[in-house]
Amino acid sequence: MKKYRLISFKLCPFVQRSVIVLKTKHIDFDIEYIDLANKPDWFLKLSPLGKVPVLQVGDDVLFESAIIMEYLDEVTPPSLHPTDPLLKAKARAWIEFSSHLLGLQYQWTHVKTEADYTAKTEELRAGLKRFAAELKGPWFAGDTMQLTDVAIAPLFARFAWLAPHLPTDILEGLPALSAYSAKIAATESITNSVLPEVPELFRAYLKKTGAHIAKWL
Ligand SMILES: N[C@@H](CCC(=O)N[C@@H](CS)C(=O)NCC(=O)O)C(=O)O
């Protein structure tokens with residue numbers, strides 16, 4: 001098997017997707033953490049978009065988390081994707097939707113004013129309701145964890161790291177999502193996909209940004 005080297009930033013939800021697949025499939029890999037505020041030259045040479053995750057596969061370089069997930073999945077059967085082409089295409093579409101939700105969550109945690117925070121909460125909850133309407137349970141497409149679940153798990157992990165500190169529950173009134181979140185929190189390959197200090201680091205980082213949400217952290 002080829003040697004895998006994952007270039008990571010500790011707080012990145014997109015990197016977390018790669019690690020979940022690597023852990024779920026018991027794939028051996030090396031990991032290298034970089035500081036995105038001070039990107040090393042060797043990283044900029046590897047990464048066409050200057051973003052993590054990057055996966056080095058021997059001398060080859062892969063980027064974009066959804067592509068990395070699919071590659072790792074494909075080379076280690078059985079696949080975490082449906083085999084039926086239509087179902088697989090739908091899974092990819094919902095992976096794209098989960099990237100959109102991760103973007104909204106990023107904005108929600110970074111806005112500076114109460115008005116922007118309220119507006120982003122609404123936008124995020126509308127997206128979550130849309131996702132909930134598709135969720136079969138206990139996993140997104142039914143009984144087994146698939147790549148759609150891997151792709152969205154970092155979103156629910158971050159909600160869980162913040163939830164004990166916030167005055168309102170972002171998943172309030174969405175019981176299917178609360179159950180899904182609990183399922184994710186109870187899955188070892190997901191909880192082990194970040195270093196133990198990351199939830200605290202995440203809150204400390206948000207405090208430094210001066211984001212509205214930080215006043216509760
Ligand atoms: N579409 C990309 C998004 C990756 C991404 O946004 N990574 C962030 C960290 S979480 C990054 O590297 N940002 C550095 C930058 O934009 O300069 C993927 O899915 O891999």
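Each Cβ is built from the backbone N, Cα and C atoms, and glycine gets one as well.
Those TrEMBL annotations? Automatic predictions, nothing curated.
Feature list (source: TrEMBL):
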{"type": "DOMAIN", "residues": "2-80", "note": "domain 'GST N-terminal'"}
{"type": "DOMAIN", "residues": "84-205", "note": "domain 'GST C-terminal'"}
Across the domain 'GST N-terminal' (2-80), what does the mean pLDDT come to, as a whole number?
97
Can you break down the domain 'GST N-terminal' (2-80) into helix, strand and coil residue counts using DSSP?
31 helix, 17 strand, 31 coil
DSSP-assigned states of the domain 'GST C-terminal' (84-205) in counts, ordered helix, strand, coil
89 helix, 2 strand, 31 coil
